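Q: Structure in structure tokens, see below.
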Amino acid sequence: MVGLSLGEKHFIQGGIAQDLRSDGRKRLSYRPIYVETGVIPQANGSARVKMGATEVIASVKAELGKPTSLHPDKGKVAIFVDCSPTAAPAFELFGSASAERDWLLVAAEYKTLEAVSSSTASEGSGYGCEYTAPFKMCFSFSIQSNKADGHTRGPANGGFNNAAHAPCLCFRATTYGILPDVSIWSLSAPQASNSRTRSVNPISCHMESICSTSKQTAICCSIFISYGRGGEELSAELSTSLQRCLLGGKSGAGAGIDLSSLSVVEGKMCWDLYIDGLVVCSDGNLLDALGAAIKAALTNTGIPRVQVAAGATGDEQPEVDISDEEFLQFDTSGVPVIITLTKVGKHYIVDATAEEESQMSSAISVSVNRHGHICGMTKRGGAGLDPSVILDMISVAKHVSEQLIIKLDSEIAAAEAREEE
Amino acid sequence: MRGLQISLNQTQKIRFDRALEKLESLSSKSNSNAAVTVADSIPVNFEDGVLKGHGTSERDGEIVATLCGVVERVNKLVYVRTLRARYKPETGDIIVGRVIEVAPKRWRLEINYSQDAVLMLSSMNLPDGIQRRRTAVDELNMRSIFEENDVICAEVRGFQHDGNLQLQARSQKYGKLERGQLLTIPPYLVKRRKQHFHHLEKYGIDLVLGCNGFIWVGEHVEAKDNMVEDQMSKSEQQSSVSSLNEQEHNYIPLETRQSICRTANAVRVLSVLGFNISVEVITQTVELSSSLNIDIHDMLGAEFYVLVAEAEADRRSLLTKKK
């Protein structure tokens, strides 16, 4: 996300204080929500949700598995979220793909390949050599920014200036032939770049490895340059928040999704649901959009009908016949929606855009179900909140959830109707 | 427009398609024979030597287009100009940019172009308005003029020998833009006109249509005469910085804010629909929304999109009838 000037920040805060945000919304109104179901035909259920510019896709896959011994009558649900690198510049990923665009491998020098304790003479040159173990290989390379204007602009605010975003250099070596028994790669710290000159100096790095192998190996190396932490942290945070909001605690109490409906044979077989979320475009309020997408995907999910062969005894796995044609719709009347309340100044807003989120002091995400019960809660943000404020925010979230559930149900129904056409 | 992702119900879809058909029929009367797609051959008079420009290539003795766009001919140069091109700066363009770096004696701005633009300290009026040589003290105080992430409007001065884009902000109307919001639209929607600064008196707002696709909508600020207000402004600045708690009293009044949000939403709707942005179209859209008493946020709903498309179709048919 680009930075905001002082005047723009003042404008946003003023808008929230006066109940008229930048796009004319009130504090407690959502952006237009657009739902599309059945976007991934190979999955059991899928949905795409757009809230303004934020776009997420959720998919549900069902597989037969064995229930845990603690809960033999319940199925399992796993939720994972992935932030696509196209979602926002901050998510620009690890990997040589983006690295090639931004960083140019200036020189890769294969320095030495020498035997540490040589019992036979070294022969040959280059990568494929014959040595007896152990040998030491030094590889040095340097990278330089490839941007047109010659200046680093890494994720968020610039290349090496921000230590959290300094690229970390990973080295991956594949050995064809016999894998070395012990290979320890030690990376000597890259030269810190001068923040003034920023990127014009190439960064060089020196790596050593001591491998002990006695056979011929050809070492093929690829250099992986990764940028900061990217979207990994955010993905992990979203996954845990969703699990907390939808699945309840470890004992399974308070789960928004009814797990006992996923059981096939008690103690022996159950359905495992794998729910995957993908953030395609990020403009704030990811948690709400993912919650809505998961609810829509679950409504769209069809679990194949399973017929259990009678007469299974003891510990044997019962024979099952999975029908390809008959599907049972998953019951989603109990699935909660997630409402995120962002506190900016003295007021709370719902459905914050990325600009508004940059001004937040703290945010609370509450998942509320149809009956007005709270299924889970997460608090984000560095500022502390008074307990009375939290209770107030929860009551506001409950009030907003009534309209959101109605709106979301009608949008999902419209999407399913559109899909059938 | 590319993929209008708004859910329209049946009647809205019918009205919308009808409006789009009307627009298409109006526009296709103009020179459609100049439009080419990839691999179309370009008719060329071979007797004069022909210079093949961007978007063309030679194949089997024929000149063939490699882009989809309109064929332009300038003397002997033949090239294909795409319709949705990246912003291409020309000298004298008014642009709105954001400062990304404060460098020795210059600021670097991001202007939605393939490289960053440079605003030299010498191309900028000093706060006290005196024309003098910039000293080392001025250089150290650059941050007091513009900081990182500030929004600035300036004029394109030209290209340097090494290809850098240079800006200048010497007039009173250029400078930092505060108290408003910045919108980003595709640059091809903003055509070059005589005036890019607009003061909408009826609403009390300033509208700056940057040629690079950055549009600024904000509260109206009087262009200050620096020489006269030198002493007064300095004391004002000091007091405004110190009273952070009193910022609430400095918030933009609600009426002005409503106009700003309405105008911003009008620009958003027009940019999604792919209509050229100009002051007349924007004011007409704002008047349409206020005359129909549409809530500011409902301007981004499906119904208003259809209304705007219909209004634009009507407006263009009126224009062609007048001709």
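Glycine is treated like the rest: Cβ placed from N, Cα and C.
Whatever TrEMBL says is automated annotation, not expert-curated.
Annotated domain 'Exoribonuclease phosphorolytic' per TrEMBL: A:30-99, A:237-304, A:334-398, in sequence order.
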Q: Can you break down the domain 'Exoribonuclease phosphorolytic' (A:30-99) into helix, strand and coil residue counts using DSSP?
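A: Taking each residue of the domain 'Exoribonuclease phosphorolytic' (A:30-99) in turn, the totals are 7 helix, 32 strand, 31 coil.
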Q: Per DSSP, what is the helix/strand/coil residue tally across the domain 'Exoribonuclease phosphorolytic' (A:334-398)?
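A: Tallied per class, the domain 'Exoribonuclease phosphorolytic' (A:334-398) gives 17 helix, 26 strand, 22 coil.
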Q: Could you give me the DSSP helix, strand and coil counts for the domain 'Exoribonuclease phosphorolytic' (A:237-304)?
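A: With helix first, then strand, then coil, the domain 'Exoribonuclease phosphorolytic' (A:237-304) has 30 helix, 19 strand, 19 coil.
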